[in-house]
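Take a look at the structure set out below.
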Amino acid sequence: MQWTAAFGSLARLVSRGDAFVTYVPPAPSIVDDIIAQVKFDANGLISALAQAPDGVVLMLAWMNADALRETLLTGRVCYWSRSRQKLWRKGETSGQQQKLIEARLDCDMDAVLMIVDQTGVACHTGRRSCFYHGVTPDGLRDTSQPEISAEELYGR
């Protein structure tokens, strides 16, 4: 489909250290067709996984139809904040934006994987990834340290 970049090409670009593939948004009518095929849950949401081009999973969030539409049309990742009940444009307050490189829907059409160009860190704790609690035989262990403090990240 025209709305995704070729993953093989992306992998070659990343391995050479070249610039990322530029996301080319589909026409609004194609975005509407894609969204019509998505199976949103009873709350009108799908899970949205953000992954860096090197394969690191950055975060898991939620999207409603409006967030998915905005993301696909603009290439700037937008989520749905369940706690604030409003659109959450990643990096709006912190500057830690995500630019879409590629989007893929899963086989059930109820989850989206986004390969993103992450500015700064993805996690509100100041870490690159939100997935830093490693499970060990002795319990949980932090697998990474913050790259930036919350005070620096949010100016608090």
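Glycine too: its Cβ is placed from the backbone N, Cα and C atoms.
The Cβ of D108 (Mg(2+) binding site) has 9 other Cβ atoms within 10 Å, all protein chains considered. D108 (Mg(2+) binding site) carries neither a helix nor a strand DSSP state and counts as coil. Feature annotation from Swiss-Prot assigns Mg(2+) binding site to D106, D108, D110.
According to Swiss-Prot, the Zn(2+) binding site annotation covers C107, C123, C130. Secondary structure at C123 (Zn(2+) binding site), taken from DSSP and collapsed to helix, strand or coil, is coil.
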Separation of alpha carbons, C130 (Zn(2+) binding site) and D106 (Mg(2+) binding site) (Å): 21
Cβ neighbour count within 10 Å of D110 (Mg(2+) binding site): 14
Cβ neighbour count within 10 Å of C123 (Zn(2+) binding site): 19
